[in-house]
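Here is the structure we will look at.
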Amino acid sequence: MLDPALLRQHPADLAERLRSTRGFSLDTAELESLESERKRIQVRTQELQSQRNSKSKAIGQAKAKGEDVAALMAEVAGFGDELKASEDALDAIRAKLEGIALGLPNLPAEGVPLGKDESENLEQSRWGTPRQFDFAVKDHVELGAPHGWLDGETAAKLSGARFTVLRGPVARLHRALAQFMLDLHVGEHGYEETNVPLLVNADSMRGTGQLPKFEDDLFQTEVGESRRYLIPTSEVPLTNIVREEIVDAERLPLRMTAHSMCFRAEAGSGGRDTRGMIRQHQFEKVELVTACAPEDSDAEHQRMTRCAEVVLEQLGLPYRKVLLCTGDMGFSAIKTYDLEVWLPSQNTYREISSCSNCGDFQARRMQARWRNPVSGKPELLHTLNGSGTAVGRAMIAVMENYQNADGSIDVPQVLRPYMGGIERIG
């Protein structure tokens with residue numbers, strides 16, 4: 001959530017910044033009308049509260065003197081009805097204003113390129129040279145499906161489209177990748193392994209920015225009066241660990257990692273990436289989350305992105321690093337780097353990691369704070385999140401980049417200890 005002071009004091013300036021950087025249209029006329037109405041109702045509510053308190057005090061004094069208080073009691077009762085109506089009206093208009101505030105995207109950091117979509121992202125660097133094959137390259141489906149290792153048909157029978165059953169050595173490769181990533185981030189990068197719930201409440205989804213804007217892309221479940229959401233990323237539970245907390249400065253930065261299932265409805269994906277495992281309703285990811293002091297978030301962003309890069313480098317997978325433009329950034333981010341891995345079958349780079357600095361945007365929604373030792377006062381944290389990396393896409397990249405002419409797949413050196421020493425699949 002953006003600073004409410006921006007909405008109240010500079011709505012026109014904020015609207016222009018949102019329009020020019022995010023392509024977002026803020027109705028300032030509606031906002032100013034609601035804010036004016038809020039002030040009017042709030043003043044009247046405070047007047048009624050003051051009158052009620054004054055009359056209540058007078059009742060106490062009259063009772064102490066043994067005087068008849070019936071008339072005063074009747075006045076207070078009248079105030080009570082009007083006060084309740086005024087308080088309800090104030091709550092309703094505050095809810096409308098909060099709804100507007102919750103729907104506003106974050107403002108990009110200085111230096112983020114202006115642009116309308118991914119075509120205007122800026123490539124920062126490349127690592128590795130895509131392999132030149134002397135045979136016809138197969139995609140991950142052609143490599144896995146003939147052996148039954150990758151089975152979309154059975155998954156469709158069980159669950160519908162955009163699910164996959166993995167078997168045998170490919171299922172083991174998938175598991176090995178997740179274990180390798182976790183061990184790397186915990187053992188070498190200093191993240192704390194954390195096992196988190198896959199079902200979270202609405203407050204958690206609001207805290208990280210999935211609600212209310214992206215509800216259509218979420219799976220949810222209701223039991224009785226209890227509603228829970230399946231997480232689209234473990235960023236949600238990891239980041240919400242600091243919700244409504246005041247963290248001591250000595251504990252910062254908090255660096256957490258989790259391997260989890262992720263669930264996405266892919267409501268806006270249409271017919272994109274329907275083949276294989278590129279875009280699934282259920283997939284696995286190793287997530288990185290950091291909460292830190294504001295002055296450290298830029299450095300933590302660079303560090304987090306580098307941690308994700310190391311995963312790909314140790315796997316020997318060519319990739320490129322891209323700085324996202326304003327039109328391609330996520331809702332909560334002020335700055336985002338994407339890592340895109342080379343897929344030979346598509347002859348292009350595809351996203352495998354996205355690392356974002358969210359500034360104080362999520363922290364304000366969550367009331368996640370730290371105690372500044374200089375001022376001694378609680379201040380908003382900065383939060384960051386990144387994929388370290390998507391497990392399914394890493395498996396696809398390994399299968400395709402390490403394939404042989406006979407359809408077998410070499411196992412990258414760093415994964416062999418997790419594969420029982422197996423050097424080749426197939």
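Cβ atoms here come from the backbone N, Cα and C positions, even for glycine.
Swiss-Prot lists Thr233, Ser234, Glu235, Glu287, Ser387 with the feature L-serine binding site, giving sequence analysis as the kind of evidence. Long-range Cβ contacts of Glu287 (L-serine binding site) within its own chain (separation 6+, distance under 8 Å): Thr233, Ser234, Glu235, Leu238, Thr257, Ala258, His259, Ser260, Asn385, Gly386, Ser387, Gly388. Secondary structure at Glu287 (L-serine binding site), taken from DSSP and collapsed to helix, strand or coil, is strand.
The number of other CB atoms found within 10 A of the CB of Ile352 (ATP binding site), across every protein chain shown, is 27. For Arg264, Ala265, Glu266, Glu351, Ile352, Ser353, Ser354, the entry in Swiss-Prot reads ATP binding site, with the evidence type sequence analysis.
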Binding-site residues compared (Glu235, Glu351) - the one with the fewest other Cβ atoms within 10 Å: Glu351
Other CB atoms, at most 10 A from the CB of Arg264 (ATP binding site): 20
Cβ-Cβ neighbours of Ala265 (ATP binding site) (radius 10 Å): 17
Cβ-based neighbourhood (8 Å from the centroid) of the L-serine site, residues Thr233, Ser234, Glu235, Glu287, Ser387 excluded: Val236, Leu238, Ala258, Ser260, Cys262, Lys285, Val286, Leu288, Val289, Asn385, Gly386
